[in-house]
């Protein structure tokens, strides 16, 4: 069964954060619902749709940015009270917009995630989780890494309160009270959690998670151990997942899974007989999807998927057909409706153009007067710099609330820019004089009209570290630019993992000296990606890493006065030795450095590199042969005379060239 959905844009609010839009429950089955949304200007707006137009129910005054918006109420009644998290405060509104709660939590940082269930309130700032009941402090937990999302299983279905934290170090932490019950490893940093089917599924313990590298999975969280049900790997290389909802959009009595991603992709999965998800529908919008909900907004009786995007658009993908079936009398009526709509849009447009002219004149006058303060327009940029495990490259994603004019990329370390298929921007490189001014890369991306999101792919070289800078200039007057900086770390291609193979031959580097736990932790943060900025609680800590390019591994264990680093790759140890001794010298700390080199490890690492080298060499050879073979083919008219190996190269020519183009300096890297 195919799903046909038609797009309808309802209105635009300010820039929105993840999970800040909800649909209020309907008064009766399949009646239209009101939409409530909170933006980064601090405004909460509730609106309904009448005759295709958005009509406001209420709108609050601006304030601090809204990080989350949830619905709550007494258990087993319609959840129609609106709760927002802004700064370190929780506010509650009725569906009419009357504020009935203002609760200042004792958190020192801004609230990042929230979940509400009856009179229980679950909150997290970056590393801290708090549970309140009737606004009274109940439980507290300090997480080892940043908390991205938080959820609790339905208390009306399970005898216990089980909060789950989605943490940046690829772990779901399952709590009981203020204690950690157990950890569940997931295949990527989890960004969003949702209850399966909206209620935890048959068991009440089924939990959906989405990761920042676009993977999706279902886990049953029992009291003793997790049961992994299914997982969707991100084969199509789509964006990270920001929001999930369950809703029966196909009308077959079974809820489908709605997913919104940060590259603007909206997906609908239905479930086959074996309860495995199957992709039924996808549509891409031009910017990241911050919230997704299934319901009925535009017209009674027509279900739809409502999404909010980063720049604040609320858009519906509705099952309502665009072309109505009509008799002769109906046609006139529809035409008349259309005519009225067009004329009202025209007059609105004229009014807006007039307003823009007025404001422009006003700005000219104020900026030319002698008392003028420089009025630089501010705009918000949503950026992400993440390591991709599959091809050992970094993705830099820049999203601006208005159209981008150009982005200038500058780097003081040698890096390669790789091709991204989704990009429509024109790139031009400037020659660099790296001797005199530390410029190794200068590239400009000129974007086409209405591009609000740009994705770049970068590959760095381990051991060479520094800063990558992106200068973002949007299409707004007067011209203005924002600079964003990204650190390229000495061991930039290492990724955190939770298990390593202890049987490999290891080289060891040992540091001892008069340094504190916080100091040695700050050095490790400087060297390696994906390490939490705050030192973990406790006397010492062990982190495991895997090199995404070569599959070698690193184990780092350190505490006050001592650090031990073990790796099967001697280069990793040598980079660590150089950087750590530099950092210690900067702070005038005397280090004793000793290392044990395992001769077998060199052979072992070469064995790991060998198949990769062989593959790349073969690829390069094949690509060199393509032109000559094509000439022969044209000359002879067919390929029957070629040996099977050459025929195969010709058949796969496009694929081979594409792969070769995607990995420009792969061979040199491996030689290095």
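Yeah, the Cβs are placed from backbone N, Cα and C, and that goes for glycine too.
Looking at 335-362, 363-390, 391-418, the range annotated in TrEMBL as coiled coil turns out to be 335-362. Tertiary neighbourhood of the coiled coil (335-362): same-chain residues 52, selected by CB-CB distance under 8 Å and a gap of 6+ residues from either end.
Under DSSP, the residues of the domain 'BBS7 helical hairpin' (599-672) split into helix, strand and coil as follows: 62 helix, 0 strand, 12 coil.
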